[in-house]
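Listed features, source Swiss-Prot:
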type	residues	note
COMPBIAS	17-45	compositional bias 'Acidic residues'
COMPBIAS	91-162	compositional bias 'Acidic residues'
COMPBIAS	176-189	compositional bias 'Acidic residues'
COMPBIAS	190-199	compositional bias 'Basic and acidic residues'
COMPBIAS	212-228	compositional bias 'Acidic residues'
COMPBIAS	229-257	compositional bias 'Basic and acidic residues'
COMPBIAS	269-280	compositional bias 'Acidic residues'
COMPBIAS	281-297	compositional bias 'Basic and acidic residues'
COMPBIAS	331-351	compositional bias 'Basic and acidic residues'
REGION	1-351	region 'Disordered'
REPEAT	484-526	repeat 'WD 1'
REPEAT	534-574	repeat 'WD 2'
REPEAT	585-624	repeat 'WD 3'
REPEAT	643-678	repeat 'WD 4'
REPEAT	681-741	repeat 'WD 5'
REPEAT	791-828	repeat 'WD 7'
REPEAT	881-924	repeat 'WD 9'
REPEAT	935-975	repeat 'WD 10'
REPEAT	981-1027	repeat 'WD 11'
REPEAT	1033-1071	repeat 'WD 12'
REPEAT	1109-1149	repeat 'WD 13'
REPEAT	1169-1209	repeat 'WD 14'
Amino acid sequence: MSDTEENPLEESRESGEMEEEKEEKKEEEEEEEEGEKEKEEEEEEEKGKEEEKEEEKEEGKEEEKKEEEEEKGKKEEEEEEEEEGKGKEEEKEEEKEEEEKEEEKEKEEEEEEEGKGKEEEEEGKEEEEEEKEEEEKEEEKEEEEEEEEEKEEYNPSFEEDALQQSLTEGSLSWEESQEDGEGLEEWVEKEEQREGEEVRGEEESEVRGREEEEGWEEEKSGEEEKSEESERSKERGGEEEGQEKEEAEHEGEREEGREEEEKEKSVEREEEEEEEDTETTETKAGRAKEEKKEKQNKTALVDNIVISHEPPRSSSSLADSPEVSQIYKDNSMKVDDTEEASQKPEDILAQGKDEARLSLEERRKLFQSKGLSAEESLVSVSTEDTLFQKEEDSKVYPLSMTWSFGWNSSLPVYYMREDRRVILYTCAHTAIMYDVVRNTQYHLQGHPNIISCLCVSEDRRWIATADEGPDCLIIIWDSFTGIPVHTIFDSCPEGNGMRSIAITRDSKFLATISDSATQKVCIWKWTLAVETPACTLELPKEYGFQDNLVFNPANNKELVSNSKTQAIYYCWFEDKGILAHSAPVLTEKTFNKLVGKFSQSVFHLKLPQVLSATKEGKLVVWDIHYPSSTSSSAISAFPFIKPRKLVHLQKEAITVLMTIDSYIVTGDIKGNIKFYDHTLSVVNWYSNFKLGAIRTLSFSKTIPSLPTEKSNLPTDCTLRGDLFVVRNFIIGTFDATVYHMTVDGTKLEKLFVEPRDAVYAVSCHPYQPLIAVGSVCGMIKVWDFEKKVYLFSRTFEKGLGVQCLTYNPEGALLGAGFTEGTVYILDAMSLENESPEPFKYSKSSVSHCCFSHDSNYMATADVNFTVAVYMVVVKNGQRVWEYLARLRSHQNSIQSLLFGVHLDSNEPRLLSLGKDRFLIEYNLVKSCKDHLDVLDVHRTDQGNYPTCMIWYPPLTKELFLLICNSGYKVKLFNATTKMCRKTLLGPAYGSPIEHAQVLPVKSTLELQKRYLVFINKDKVGLQILPVDGNPHKTCAIVCHPNGVAGMALSYDGRFAFTAGGQDRSVVQWKINLGALEAAVSLGGEDLTPFYGLVSGGREGKFYRELEDYFYYSQIRSQGIDTMETRQVSEHICLSELPFVMRAIGFYPSEEKIEDMFNEIKFSEYVETGKLIDKINLPDFLKVYLNHRPPFGNTMDGIQNSFNVLGYTNSEGKKAIRREDFLNLLLTKGEHMTEEEMIDCFSTLFGLTPEGWKSEPAATCINGPEICLQKELPEEITAEIFTTEILGLTLSDSSEQLIQ
């Protein structure tokens, strides 16, 4: 054998000798420890014997006490018997004889019981001695087994396995790990001994308790055999004995507690001795090893056991960064001791028992120490697959986003992962992580406004998004988990939000440019979790609107931005807090050539230069001049840029400029993508794919592998003709199309095509999971919303923008209205024309389209207030659509167009609702070619205008039309008489309801529980029917911050869809009715939810005043001056209702008062046939809350009236002349008589103390004398009318008026 083969054996022999010496030392130490253990056990046994003797003495004392108490009881019984039997001597003698006999029996029984107890005690002692002997034998056996294990032969294979394990796990050396293992085994043995002692003590206490219970049961059985009188006496004695025994048991428990405390102290002493021993051994081993261990391994203290472990490696590339580490600094520890726990279950049991003996504070400290060591941040341990492995959130929200159709093509798309082709883009106020392979989306929700800019880190770990609008936010997300790790509030105090955002290559800093008139450049140290920027710079307006910002990849203190006319270079001096900038003016005279408008700017890969692309296909090269160390002038103290040259690259406008690896990449308006080297020489290009104008390019983070024989890479344009190697990339175009380019093989894959213009139209199929989306760009796209699969589409010719869509009840046809007035009837499955030619009878955009229930009629409405009707006729045996008639029936925009059914004839009925407050029904039977007949016209409101109309579901016997208005009210109108039957407070979420639909039901069992889905300006919400004004029956969520354009519901009622208009997206919302019902139940029953709508609640001042006015109205109705007995009831007559309303600050018009009367009078008419002429206080409160203005009386309402009726005076305010003011009161609207007007003013000015004619029993011989020419000023403004005439005050905190 060679030397190389002998070396391992020699090394193993030497190591074996070293181990034998160590084992001998260990045996000596173990023998010394065993001797100490034996001494301690002997001392404990002596203590146990002394304690047993003391217990026997105490038991004897207790028995003597019992006998004395029994004798006392007997004496008391004798005395009682003597007192009771003074007149009966014969009976006493007989009773004494019987008592003597019974006493003899009792003594005999007690002697027998004492004998039995002594025998049982002797048996128990014998059993304890036997158990001790068995335990000693077991301990001897264990010691012998340990000695045999130590004497086992040396196993070199085991040494090699342990060495490999220590190297792979990065833990201690093999010898040290063995020492730690032996220390743990010794600790386990001690813990087992402690457990055995505890178990013995518990068994002894159980035996004692059983003996006491058996004796107690025997005493009870003896008492039952005695006579009735003796039983009574014995029961009293038994109770006293029970009390004494309970006291004895308590004393026993206290003694056991003392014993446990002593055991705990002994355990603590042993642990301290062990710690001292370990410290001595560690000092012998040397402090150098300890320092290395502390650096490499972290320790977790669990029940005084030191377990070393390797800290987990963070998947982030920023784990070593001190700034980023602060984000998850406290959560990056984890004790991976699962293997030790599985190998030593006895340790865990002992640990649990030790914890049970600890005090409350000690347990709390121990729990905290374990929690800190075991916790790990999800951010620190997550991987790239974590995000899409998340389970769906529990159903805690009534509406939750499940899918987003569309893409904001004005913002870039980022390539996040190549293996699953995960891309990042934005829709409205949501950032979306889309897994192309799995066809799944993850939504990053949190912005209140439309996302205006976003960026990602070099390693694709961190995502930064910012929005524009009020309360704008900057949010940094972890792409592995979808968690927002940091949010910057109030980033733009001006409220305009951010225009551009960038992140450094090392992800430590963020830079933003605001979207305000005076732009600000801010640099943020986001990893430090601060809310203020590290540096801020205001840009002059002459620099233009900067909308592109980039960091220098080689230097995170340098930035460049550009507007269409100006490029700016920035240099950040972090220590000085200065952001220096250089913005040289560039004109056509600079190079004597046309430069063009700038598009994007980047830093050069190798040279200190900045490159700016222009819309003329040129590239401006700027040199960066750094100050020399010898320069002393203030001007040259900071770096600056100078234009060096103008390079004409191509004719087409350059829209994208970026760098990747060693290439400079451009994308242009013709769809060409070109690659240049650092000398601006062309290396390769893609121009034969006929793409749209390039909006964004994003390359994979995966570095391309070296080419092989199987590679199908293109050759570059150099003379050598090398293979062109570049990362795969994502292409986004201005026409909202996203592609994936695989360089190996030059494979272009279209990922999706979305509408590039506003989306206003959306409609769901009546019985299939299909949704049709229409865009102003002329595209109609049909999706399967359950499988999230695009099915088919049609793009119409240029100039035809889709404005509205609707399926017919059978789902076979799709009606479409276009922006230029054309109406198409399409086949629902192919989107081909159903009629030979489209209908062109309108010159303006078609806003509404609907079919009748039998699909024989279709009606449309346009923005010129015109309603058109189309019908089916039979020609040559075929059903053909023809135009019937059209009518300009409204004076303002049409809000709703609705088909219904005549209940008596089952014929369709058509209604339209306009912003002019008119509800018009058309007579389709009498209509003919070019003549649309009107059946009736009704005005729906007096001041507010209607916003939408639907059929109310048949929850009652009466058929209603539900109409929402701009005053946040929901009104129910009788479908036949058009009478307003009820006015209710609708959802108030910042803006009134604009569109509503009743949620479809899946079965007939759900017909009695219906729901309403609605949208307002920017939200989608749910409302439980019937509407009653309860604020807990409704909820809403922001769906499109820039405005909702349309809504549709799935056929099964599980999903709602909202179209975002200008944000070019449609969002799918999952409906969870259980969450809404839970909120209602938590809100309370009966009047509890309504009390919350009153200032101060039920116990507040307002409600108390309401009660006073309510009962005072009873006094008024009976006469103020009457001397008859008052009759107080729970109701007031309806005639008193207006006066109470005005008394509490609500001033309804006469029409609103009439609506209130109708609502109350006919509330039970359908069920009982009777009219109601009175109202109680709870119902009055509901009527008041539902009819009053939702936000009270405001100064804005009065000011708007003066803006319409008044003129501008010399001070620039709107005012009304006195004569005009009085004339308006007498002639316009619900005009007054002259007498009514004078009485009103006399009341307002305090000339009628009784309050005008509101007091029916008050007498007034002569009418009030008032001269309005003197009381009223010549010119009345809104402020004068409010404060001086009405006597109202304006709240300081709001514009609400206070009476």
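Note that Cβ sites are derived from N, Cα and C of the backbone, with glycine treated the same way.
Note that this is a predicted model, so its numbers are computed, not measured.
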For the repeat 'WD 1' (484-526), residues assigned helix / strand / coil by DSSP:
1 helix, 22 strand, 20 coil
State the mean pLDDT for the repeat 'WD 7' (791-828).
95
Stretch of maximal Cβ-Cβ contact with the repeat 'WD 2' (534-574) [cut-off: under 8 Å; candidates 585-624, 935-975, 981-1027]:
585-624
What are the helix, strand and coil residue counts for the repeat 'WD 7' (791-828) according to DSSP?
0 helix, 23 strand, 15 coil
Given a Cβ distance threshold of under 8 angstroms, which distant residues of the chain, six or more beyond its ends, lie next to the repeat 'WD 12' (1033-1071)?
397-409, 427-429, 448-450, 469, 736, 754-769, 771, 773, 775, 785, 804, 986-987, 989, 994-995, 997, 999-1002, 1013-1024, 1027, 1079-1080
Applying the under-8 angstroms CB criterion, which one of 484-526, 681-741, 791-828, 881-924, 935-975 scores highest with the repeat 'WD 11' (981-1027)?
935-975
What are the DSSP helix, strand and coil residue counts for the repeat 'WD 11' (981-1027)?
3 helix, 20 strand, 24 coil
For the repeat 'WD 7' (791-828), could you work out the same-chain residues 6 or more beyond its ends whose Cβ comes under 8 Å from its Cβ atoms?
757, 760-768, 770, 772-784, 834-835, 838-851, 853-855, 858, 860, 862, 868, 870, 881, 1046
Under an 8 Å Cβ to Cβ limit, what residues of the same chain, 6 or more beyond the ends of the repeat 'WD 9' (881-924), are close to it?
825, 834-835, 839, 841-842, 847-854, 856-873, 930-942, 945-951, 959, 961, 963, 973, 975, 978
Near the repeat 'WD 10' (935-975), which residues from the same chain, at least 6 beyond its ends, have a CB less than 8 A from one of its CBs?
892, 895-896, 898, 900, 903, 911, 913-923, 981-988, 992-998, 1007-1008, 1010, 1014, 1025-1027, 1149, 1151-1152, 1166-1167, 1186, 1189-1190
For the repeat 'WD 2' (534-574), give the DSSP counts of helix residues, strand residues and coil residues.
3 helix, 24 strand, 14 coil
Which residue counts does DSSP give the repeat 'WD 5' (681-741) for helix, strand and coil?
0 helix, 23 strand, 38 coil
What is the three-state DSSP composition of the repeat 'WD 4' (643-678), stated as helix, strand and coil residue counts?
0 helix, 23 strand, 13 coil
